[in-house]
Amino acid sequence: MRRYGKHTDEDDIRIRPGRRGTRPRTHIRPKHEDAAEGFVVTVDRGRLTCLVDGRTVTAMRARELGRKSVVVGDRVGVVGDLSGAKDTLARIVRVEKRASVLRRTADDDDPYERVVVANADQLAVVTALADPEPRPRLIDRCLVAAFDAGLTPLLVLTKSDLAPAAPLLEAYAHVGVRHVVTSQQELAAGETAERVREFLYGQSTVFVGHSGVGKTTLVNALVPEHQRATGVVNAVTGRGRHTTTSALALPLSDGVGWVIDTPGVRSFGLHHVDPSRVINAFPDLEPGTAECPRSCTHDEPDCALDAWVAAGHAEPARLYSLRRLLATRERREGD
Ligand SMILES: Nc1nc2c(ncn2[C@@H]2O[C@H](COP(=O)(O)OP(=O)(O)OP(=O)(O)O)[C@@H](O)[C@H]2O)c(=O)[nH]1
Ligand SMILES: [Zn+2]
């Protein structure tokens with residue numbers, strides 16, 4: 001179920017009405033037809049860093065945007081000082097319709113959705129095969145978030161020099177998700193970036209992964225001109241990484257595609273997830289839901305999928321995989 005509450009980001013843009021329309025016409029706020037096109041690369045305490053005609057411009061939301069949030073990946077209309085010079089501040093007056101929204105709920109008990117990144121195409125879930133141990137439930141929860149958002153997931157399995165990828169890949173064989181495996185040797189040989197980039201070409205890809213999995217190493221290999229490290233001043237924001245909780249969009253060096261790095265994901269609240277959107281990622285099972293009770297979670301005794309699969313229309317392993325993913329919507333200790 002989608003929620004359109006006070007706190008969602010889908011609110012219509014409200015423009016404060018003029019005082020009973022008594023103001024003279026000339027005082028009506030211009031429609032900003034002259035606004036320049038911008039792309040939001042990061043957000044830090046209300047200041048948005050936008051790329052406008054190749055320049056890095058700092059901007060804030062115009063008041064007329066009301067409650068509408070502006071997030072990394074948004075395409076926006078910007079007015080004001082667009083020189084990008086130090087201490088200038090432009091205004092974001094428009095947010096273009098989003099092709100996709102990756103959301104999370106702050107907590108599973110907290111129903112308010114927050115958009116993490118707009119207009120992404122893919123979600124790269126970075127997992128180490130060892131040190132730290134893979135956390136399949138966290139992977140599953142990331143996949144659910146991706147499917148719900150209509151993003152194509154990509155599993156990036158790092159540290160294959162420490163443990164084999166096969167056991168983990170086995171668990172995902174029936175989910176239908178692409179994967180790429182990397183190792184220390186490959187990193188050292190400079191081959192990792194090339195191989196991972198093949199999956200990123202022309203796409204806007206959000207990278208998630210918990211601390212220590214090698215996400216920073218990977219992002220640095222993919223976008224070497226933007227070295228990121230804890231405590232080091234960031235080239236784009238001019239601030240230390242530890243101070244930002246926002247994602248950061250980095251252009252792939254060939255200029256086609258974006259790597260969107262996110263701060264360490266500790267949790268991926270899934271309260272907002274709609275099972276019918278998750279099942280879109282299982283097109284072989286989807287027709288089997290026709291006989292389901294209304295607003296079926298597809299994880300309940302009356303679900304029609306059991307009979308559909310028993311009748312031989314789809315692989316039991318696929319239904320098992322779907323159910324495993326849907327079950328992760330309930331938070332457990334350790335998520
Ligand atoms: N053995 C091995 N170590 C790796 C590999 N990739 C990264 N590492 C190491 O793993 C450690 C963690 O890597 P980071 O890139 O800092 O991990 P991160 O996910 O960004 O973690 P945070 O910086 O804490 O968010 C570093 O010591 C890396 O050198 C790999 O493929 N194999
Ligand atoms: Zn069902």
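Glycine is no exception: its Cβ is also placed from the backbone N, Cα and C atoms.
As written in TrEMBL, here are the features:
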type     : residues                                                                     : note
BINDING  : T158, K159, S160, D161, G209, H210, S211, G212, V213, G214, K215, T216, T217 : GTP binding site
BINDING  : C292, C296, H298, C303                                                       : Zn(2+) binding site
COMPBIAS : 16-30                                                                        : compositional bias 'Basic residues'
DOMAIN   : 99-268                                                                       : domain 'CP-type G'
DOMAIN   : 118-266                                                                      : domain 'EngC GTPase'
Q. For the domain 'EngC GTPase' (118-266), DSSP counts of helix, strand and coil?
A. 46 helix, 34 strand, 69 coil
Q: Return the maximum Cα to Cα distance in Å (whole number) over the record's GTP-binding residues: T158, K159, S160, D161, G209, H210, S211, G212, V213, G214, K215, T216, T217.
A: 19
Q.
Spatially, and counting Cα to Cα, which of the binding-site residues is closest to S211 (GTP binding site)? Options: C292, C296, H298, C303.
A. H298
Q.
Just to confirm: which same-chain residues, 6+ apart in sequence, have a Cβ under 8 Å from the Cβ of T158 (GTP binding site)?
A. V126, T127, A128, L129, T182, S183, V213, G214, T217, L218
Q | Listed in sequence order, residues not in C292, C296, H298, C303 with Cβ within 8 Å of the centre of the Zn(2+) site Cβ atoms | A | P275, T289, P293, T297, D299, E300, D302, A304, L305
Q.
Among S160, G209, C296, C303, please name the binding-site residues whose Cβ is nearer than 6 Å to ligand 2.
A. C296, C303
**Q.** Contacting binding-site residues for ligand 1, chosen from S160, V213, T217, C296, C303 when the Cβ sits under 6 angstroms of any of its atoms
**A.** V213, T217
**Q.** Spatial neighbour of G209 (GTP binding site) that is closest, considering only the binding-site residues C292, C296, H298, C303 and their CA atoms
**A.** H298
Q: Measuring CA to CA, name the entry from the binding-site residues C292, C296, H298, C303 that ends up nearest K215 (GTP binding site).
A: H298
Q: Can you figure out which of C292, C296, H298, C303 (the binding-site residues) comes closest in space to S160 (GTP binding site), comparing Cα atoms?
A: H298
Q: Would you please pick out, from the binding-site residues K215, H298, the one with the fewest other Cβ atoms within 10 Å of its Cβ?
A: H298
